[in-house]
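*Asks:* Mind looking over this structure? Questions follow.
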């Protein structure tokens with residue numbers, strides 16, 4: 001097989017593009033998670049004022065990840081990004097217990113959005129490397145995740161800093177893309 005036929009074969013089987021929306025409160029670790037996925041330097045991260053987009057190849061998919069800032073003043077603009085979302089990844093700071101109620105409210109509002117109806121959701125219980133982090137099971141219970149019936153969902157413990165648990169979550173994403181794709 002010559003080089004040209006190899007290139008033609010590669011071109012004929014392009015990766016399926018997947019639009020992923022990465023949301024969560026400010027300081028939850030969304031950008032760190034995104035940079036970890038893209039194998040980029042995570043030593044200097046500042047709060048996201050608008051949004052970041054990165055494309056990551058994984059298991060035959062081209063994952064186009066939209067990381068939107070989580071500050072309170074930016075959250076009303078989240079809805080501008082809902083259209084054509086294949087997977088929602090919601091990041092929670094597992095160590096910031098004071099904000100569990102706030103993050104739960106934001107997640108509940110997202111799950112009620114018509115444009116996100118039926119979209120599979122992965123909840124990353126981030127910052128598990130911190131001693132004060134609540135386990136994913138406790139967060140799932142506190143946010144009543146077991147009541148979600150209109151979509152597939154998963155909660156995944158992770159540390160965006162160390163990368164632990166991140167790949168497990170992305171494996172789930174790749175497995176569940178097809179449940180939303182028509």
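Think of each number as a place in line: the chain as shown, counted from 1.
The backbone N, Cα and C atoms fix where each Cβ goes, and this holds for glycine too.
According to Swiss-Prot, the protein has these features:
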- 24-31, 67-71, 126-129: GTP binding site (BINDING)
- 2: N-myristoyl glycine (LIPID)
*Asks:* Among the binding-site residues 71, 128, point out the residue whose Cβ has the most other Cβ atoms within 10 Å, with all shown protein chains included in the count.
*Replies:* 128
*Asks:* If you count, for each of the binding-site residues 24, 27, the other Cβ atoms lying within 10 Å of its Cβ, which residue has the minimum?
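*Replies:* Minimum Cβ neighbour count within 10 Å, taken over the binding-site residues 24, 27, occurs at 27.
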*Asks:* Would you identify the secondary structure of residue 128 (GTP binding site) according to DSSP, in three states?
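*Replies:* Residue 128 (GTP binding site) sits in coil per DSSP, no helix or strand.
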*Asks:* Mind giving me a neighbour count for residue 68 (GTP binding site)? Other Cβ atoms within 10 Å of its Cβ, every protein chain shown.
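*Replies:* Here the count is 20.
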